[in-house]
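Q: Sharing a structure, written as structure tokens. Questions coming.
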4 protein chains.
Amino acid sequence: MVPRGRPRDTQVDERVLRIAAALLLERGYTGLSIDEVAEQAGVAKTTLYRRWPAKDHLAVAVVARLQADDEITDTGDIRADLVNYLEKIAAGLNRMRAAGHREGPSAGTVGELVAAAARHEDIGRLTRKQYAERNTLALALIEAARVRGELRADLDAEPLFDQLAGALYYRVMITGAPVDRAYVERLVSSALERNLTCP
Amino acid sequence: MVPRGRPRDTQVDERVLRIAAALLLERGYTGLSIDEVAEQAGVAKTTLYRRWPAKDHLAVAVVARLQADDEITDTGDIRADLVNYLEKIAAGLNRMRAAGHREGPSAGTVGELVAAAARHEDIGRLTRKQYAERNTLALALIEAARVRGELRADLDAEPLFDQLAGALYYRVMITGAPVDRAYVERLVSSALERNLTCP
Amino acid sequence: MVPRGRPRDTQVDERVLRIAAALLLERGYTGLSIDEVAEQAGVAKTTLYRRWPAKDHLAVAVVARLQADDEITDTGDIRADLVNYLEKIAAGLNRMRAAGHREGPSAGTVGELVAAAARHEDIGRLTRKQYAERNTLALALIEAARVRGELRADLDAEPLFDQLAGALYYRVMITGAPVDRAYVERLVSSALERNLTCP
Amino acid sequence: MVPRGRPRDTQVDERVLRIAAALLLERGYTGLSIDEVAEQAGVAKTTLYRRWPAKDHLAVAVVARLQADDEITDTGDIRADLVNYLEKIAAGLNRMRAAGHREGPSAGTVGELVAAAARHEDIGRLTRKQYAERNTLALALIEAARVRGELRADLDAEPLFDQLAGALYYRVMITGAPVDRAYVERLVSSALERNLTCP
DNA sequence: CACTAAACGAGACGGTACGTCTCGTCTTCTG
DNA sequence: CAGAAGACGAGACGTACCGTCTCGTTTAGTG
């Protein structure tokens with residue numbers, strides 16, 4: 001398939017995403033205005049809509065780039081690996097938390113993205129797929145630890161990871177409590193140690 | 001303090017919240033229009049804004065009323081009590097999930113509310129306070145179980161409840177996975193049983 | 001007929017009119033807000049509406065009081081008498097001109113009063129009656145001058161006074177040109193001297 | 001200068017002004033609602049506000065178009081020319097008089113326009129400029145008559161025209177008296193003949 | 001080099017909701 | 001009853017976005 005017509009200006013993507021990121025982080029989701037992005041980027045609105053079909057898509061793209069690659073590593077020490085991985089997730093969330101001037105404790109932008117995923121089926125599919133991949137990796141990590149005997153044999157991995165990741169999101173979005181290294185370690189401890197007393 | 005002037009019509013709150021709830025659940029956050037609520041409720045917009053300073057505030061009030069009284073009970077069986085309580089939370093979330101057109105897997109409305117809390121400092125304070133109360137109750141439940149020996153003595157209650165509630169929110173908002181009774185039971189089991197093998 | 005119940009507080013009228021005048025002159029007709037007048041006067045809106053059925057009526061009352069009594073005097077010198085009288089009218093108009101911060105050249109408040117008279121039949125009747133009285137006096141003045149031979153015998157008094165008063169209003173409302181003593185004298189001269197060359 | 005961007009739809013101006021004129025004449029100034037104009041013209045409110053920054057501006061534009069071209073002609077007979085020209089002005093005023101419900105004697109709409117000119121500096125400038133042009137033409141007409149000896153050599157043209165036009169406005173806005181051909185002729189006679197008896 | 005196809009800048013446009021601002025009416029309690 | 005206080009209905013206003021459209025202009029590749 002031969003490309004016809006004038007090729008897209010690749011610098012546009014870069015410039016737009018940079019400026020959109022600045023706006024999003026500085027003023028929050030509402031403050032991210034298509035008109036303003038276009039103007040600041042010296043780009044026509046048409047050009048934006050040629051690349052991202054709606055503001056929500058642009059916002060998702062911006063955040064996706066901010067989160068980047070949360071690598072997962074398996075050192076054989078499940079506790080350390082989980083702490084390590086969860087900390088990366090926490091870092092991404094904390095970055096969102098700063099968005100929107102007031103820098104209140106709650107990460108409104110994360111909420112907006114959830115809403116965006118609900119508004120647009122394609123965004124929903126995309127983000128769920130990405131989260132599914134992340135989940136798969138984490139579950140594999142846990143499974144490996146189970147197989148090699150670090151975790152108990154009849155472990156239910158799915159809710160375990162839900163608990164870990166969920167606690168982070170819960171604090172960031174709902175209670176507004178801090179999510180730092182100390183908390184992550186408490187969290188992993190709480191999740192891995194037995195809680196019920198042995199009868 | 002003596003009340004001065006014409007007292008507020010208490011029926012208005014009732015009527016408005018009922019209609020707003022219907023709109024919110026049927027058409028989602030965007031479909032909840034102040035003008036329409038006012039019209040359907042036979043109320044002037046001024047009257048709405050006298051009670052709720054912005055649409056966000058109305059929406060939060062609507063949802064607060066839908067969640068309403070998630071009573072927590074202490075039967076002496078911490079596992080059953082937690083399952084019971086989490087199911088109530090899950091029910092509330094699932095109700096939100098249905099909100100808005102496509103009945104997609106993700107509860108966009110919850111995300112909007114998180115965003116609303118971030119946009120308005122007062123909403124943020126209010127909701128965090130409410131969640132803090134809920135947390136307090138749950139932590140007391142857990143603490144009581146610890147004291148009477150159902151849970152281990154050195155239990156860290158805070159992350160434990162974060163894990164439980166967080167997992168529900170995480171699935172509803174992020175992964176889109178179902179949150180039903182079966183899952184809640186798996187979740188509580190996962191959180192309460194020991195996961196690390198004894199060395 | 002015996003008066004029953006609490007008698008009206010006569011101080012209210014005074015206070016309200018004073019404050020309304022201040023607002024009207026300072027901010028113009030739009031800036032004259034019933035709510036604000038009530039608040040500043042320490043008076044309930046009910047009380048205002050008991051006295052003046054609408055904002056327009058209050059405004060008219062305010063202006064009527066500002067104009068007060070344009071006395072007309074007959075010294076036997078029609079030119080001087082007219083100049084004298086027109087100057088009083090001009091003074092009233094110039095007072096209105098200052099109204100509304102921008103102190104532009106045009107007296108918007110006069111226009112608003114005209115509009116008010118058109119909106120409310122009763123205001124229209126009232127003001128037209130007042131203007132009719134003024135007219136009657138002026139016409140009598142002119143007529144007397146005619147009878148005693150100062151003015152020509154077949155003079156048409158009605159358009160003559162229309163011309164004089166009208167020119168003032170025209171400049172104040174339409175062209176924005178100044179209306180001072182010098183102009184009034186030119187005006188009277190122009191109206192009284194013959195303009196057509198004698199054939 | 002190259003035109004950039006999508007050109008304005010010229011039909012919009014036409015349609016909007018037509019419909020706005022209909023509303024203004026039928027229901028008066030208050031009855032001229034931006035929302036309704038937009039709806040009836042099949043045009044977005046945004047489009048209206050792009051052309052006229054406020055309702056006042058639209059109203060002025062509507063009236064300006066109604067008045068349109070009051071051509072002035074110089075036949076060499078100053079009396080006839082003045083009558084002719086004043087009649088055109090009177091016609092415009094009488095058209096305004098009909099505007100708004102009660103078809104009362106006073107042209108409230110003219111008052112509203114005066115008020116509009118006072119509220120917005122730009123409208124004031126614009127309308128004063130237009131009236132200045134009209135004045136210039138009329139003064140030229142009078143001046144020509146003076147030069148050719150129809151009017152006396154030391155005539156003061158400015159107050160003369162003020163008197164003529166002013167009388168019309170005065171009757172329409174203030175006294176509510178009729179302004180028809182007969183009156184215009186009396187008016188011109190009154191203004192042109194000598195009024196003082198020769199001493 | 002002409003021609004085609006698409007990207008691009010600019011900005012008008014339709015649509016829609018928001019939140020604000022008055023006005024004039026009403027309802028309650030107090031003197 | 002008058003008055004203070006303030007809720008209420010009604011309705012327009014002007015604003016702020018979004019996403020689409022319609023131009024004219026540029027930038028490639030192709031015959």
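Glycine too: its Cβ is placed from the backbone N, Cα and C atoms.
Unlike curated records, TrEMBL annotations are generated automatically.
On a predicted model such as this, the values are computed, not experimentally measured, just so you know.
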Q: Write down the single range among D:33-52, D:73-92, D:93-112 that appears in TrEMBL as DNA-binding region.
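A: Result: D:33-52 is the stretch TrEMBL calls DNA-binding region.
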Q: Taking all residues of the DNA-binding region (D:33-52) together, what is their mean pLDDT?
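A: Mean per-residue confidence for the DNA-binding region (D:33-52): 97 out of 100.
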Q: What is the three-state DSSP composition of the DNA-binding region (D:33-52), stated as helix, strand and coil residue counts?
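A: Grouping H, G, I as helix and E, B as strand yields 15 helix, 0 strand, 5 coil.
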